[in-house]
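Features as listed in Swiss-Prot:
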- 1-15: signal peptide (SIGNAL)
- 30: phosphoserine (MOD_RES)
- 32: phosphoserine (MOD_RES)
- 33: phosphoserine (MOD_RES)
- 34: phosphoserine (MOD_RES)
């Protein structure tokens, strides 16, 4: 009986040892696999980090080559979104009673009475009557006077049939307008009437009836020939 008990104990102990070895081997395998996975993960992380560094350096180089100013958005730390209620589409605001605004009447300002401007009256100067030259009758030449002038026959005939024309009476100075005090005083200048000019005798009518007279200095000069015989 003791031997059986010892054999059972030894078998149990061996079985336990085998189980322990199995568990230890499994643990070692799991640890080794975990280590391998950890190393693999670390390698992947290192590769990713290297790739990111390369991309960052390339991006920096491109930014240095192409530099464009970009507008920076202003960010305020103290600002917060304003909450507002979301109203339904069929929502209508409440009706408010109509308020009557008082009608403002414009104030009528009293217009100050302006003083009437007193205009000084202008003193009228008396009219200066212009003296009128009395009409002098034109003296008509008689036949005896014409004969004494020793004029040619055609000229005498034209003078005999010529009717003497009276000279129209005109005032010496036209009426002057009223002069104000602000204007300068102008003294009237007396004007003499110009007599009516008589018709001049043409030279061509006189030349045929003149005879040349010898002159030692100037030469020959025509002398009028008498038409009427002179009574001695």
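Cβ coordinates are placed from backbone N, Cα and C, and glycine is handled just like the others.
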Neighbouring CB atoms within 10 angstroms of the CB of residue 33 (phosphoserine), all protein chains considered, total 10
Protein Cβ atoms within 10 Å of residue 34 (phosphoserine), excluding its own
10
So, in DSSP terms, is residue 34 (phosphoserine) helix, strand, or coil?
helix
Number of other Cβ atoms within 10 Å of the Cβ of residue 32 (phosphoserine) across all protein chains
10
Just counting, how many other CB atoms are there within 10 A of the CB of residue 30 (phosphoserine)?
10
